[in-house]
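**Q** I'd like to ask some things about the structure below.
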Ligand SMILES: Nc1ncnc2c1ncn2[C@@H]1O[C@H](COP(=O)(O)OP(=O)(O)O)[C@@H](O)[C@H]1O
Ligand SMILES: O=P(O)(O)OC[C@H](O)CO
């Protein structure tokens, strides 16, 4: 059988499909952006039909780019924006409403109400997550309670619901298979990550009928075959993982203590904790890194909502750069004597603060502050936030989180300036691999290894190659001064007091 594997990476702002050959090299790609909908303040939606058509189009484009046909592909791996939910009719496959995106804050009041009833501990204990609108559970509740006729139809068994992977698999298999994988399930606020099962108590608290939800499979498993009419041949879907987990796999962070951080729109740091379910005392998330052959590997995760999005703000909002890559060039010109700090809490702050009400702020402005200092403060904010996450990880897991090296990926790591700044602020090496499409590669590896056309974990891990290592150059005194400045800035931005 051929070693060609197709990876579908359904992200927040675009969909990518990449064909990898038997040597795990990308040989064909397709990419398509799709519209974002902001129907009210803090609301973010996607049209599921846009997502679907972008998937079909990019798969065809990637096959064409590789000069291959569907029959040449041994397996498909799917990776996706996590937490985003779709609910659809099981007969027609039509969604009952737009997808509610992970960034959407419409269920903030419901989360506060549940917290007020003292229920956060119950959710955290079972799911490893927090009561925040970020996760899927309250989004399902919202659809059931706010879209006309939906609760009745759900109770009559007419509807299905799930994260983006489930919706895509349902469509790709011609409406035959309603499945998801353990990593996606672990982001819903409804899945007990210790028992590896949907949790009846949580389903009941959030009023979500069990029948809506998919069967939960391993990350490498049989997820069905694509309908022949779609691409010209049936292709088995053999790997599925949420995008940050897929990046963890693509970075070959298979050993406990290994750590990756992805810098796209947001930033997501994932630390492999092996078979140990580390329960965070510092408002990080405990989550499933992957589940292979029925064995669950856990992770600690820190999620930052704004990373590259702040660079987009420099470009589109402030209009002080023409393209993202100019941010580093401009930051390099900043006056070293000025200590300017940007706290990019544009949609509140994620881990470890979880302050939905905080909003962005900038500190230390003088008459001499200009675009260069804004650019530097923006890029530095990504490094400072990463440092906050890594410190929380060390406090949560002192025995395991000693690994000093951080593997990085995502669009923003193209910036040498930002990567050097990251190494300086972390006081640790930052490793940038040759393959930056690690998310797609991780999903492809799940499928390729399951199809027995790609190597197992050990050989795959050995193929990971370093493109450049950034090592700290900043002096201890300067680092301490800058960190203090950052912490003061965060303290002044939060709507509630910092607890640590
Ligand atoms: N050279 C660069 N310097 C700084 N930021 C960059 C650079 N290139 C891209 N970015 C940022 O990276 C993000 C895109 O990364 P990507 O991994 O494609 O994100 P996503 O998958 O979340 O859409 C954008 O927010 C962009 O502003
Ligand atoms: O699609 P991305 O790369 O912005 O990732 C989104 C995350 O999965 C949200 O948890």
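Every residue, even glycine, has its Cβ placed from backbone N, Cα and C.
What you are looking at is a predicted structure, and each value in this text was computed from that prediction instead of being measured.
Pulled from TrEMBL, these are the listed features:
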BINDING   12, 16, 265, 308, 411  ADP binding site
BINDING   12, 82, 83, 134, 243  sn-glycerol 3-phosphate binding site
BINDING   12, 13, 14, 265, 308, 312, 411  ATP binding site
BINDING   82, 83, 134, 243, 244  glycerol binding site
DOMAIN    5-250  domain 'Carbohydrate kinase FGGY N-terminal'
DOMAIN    260-448  domain 'Carbohydrate kinase FGGY C-terminal'
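I'd like these features described in context: how deep, what's nearby, how far apart.
**A** Sequence-distant neighbours of residue 308 (ADP binding site): residues of the same chain at least 6 apart with a C-beta under 8 Å from its C-beta are 263, 264, 265, 266, 324, 410, 411, 412.
Taking a C-beta cut-off of under 8 angstroms and a sequence separation of 6 or more, residue 83 (sn-glycerol 3-phosphate binding site) has the following same-chain neighbours: 102, 134, 135, 136, 139, 163, 187, 188.
Under the DSSP three-state reduction, residue 13 (ATP binding site) is assigned to coil, being neither helix nor strand. Taking all protein chains in view, 15 other C-beta atoms sit within 10 angstroms of the C-beta of residue 13 (ATP binding site).
Around the Cβ of residue 244 (glycerol binding site), the same chain contributes 82, 262, 268, 270, 301, 439, each under 8 angstroms and 6 or more positions distant in sequence. In the three-state DSSP scheme, residue 244 (glycerol binding site) falls into the helix class.
Note on the domain 'Carbohydrate kinase FGGY C-terminal' (260-448): mean pLDDT across this stretch is 93.
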**Q** What binding-site residues in 14, 82, 243, 265, 308, 312 place CB under 6 Å from ligand 2?
**A** 82, 243, 265
**Q** Those binding-site residues, 83, 243, 265, 411: which ones have a Cβ sitting under 6 Å from ligand 1?
**A** 265, 411
**Q** Should residue 82 (sn-glycerol 3-phosphate binding site) be counted as helix, strand, or coil on the basis of DSSP?
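**A** DSSP assigns residue 82 (sn-glycerol 3-phosphate binding site) to coil.
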**Q** So, in DSSP terms, is residue 411 (ADP binding site) helix, strand, or coil?
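**A** DSSP assigns residue 411 (ADP binding site) to helix.
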**Q** Cβ within 8 Å of the glycerol site centroid (82, 83, 134, 243, 244 excluded): which residues?
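**A** After dropping the recorded site residues, what remains is 81, 84, 102, 187, 242, 268, 303.
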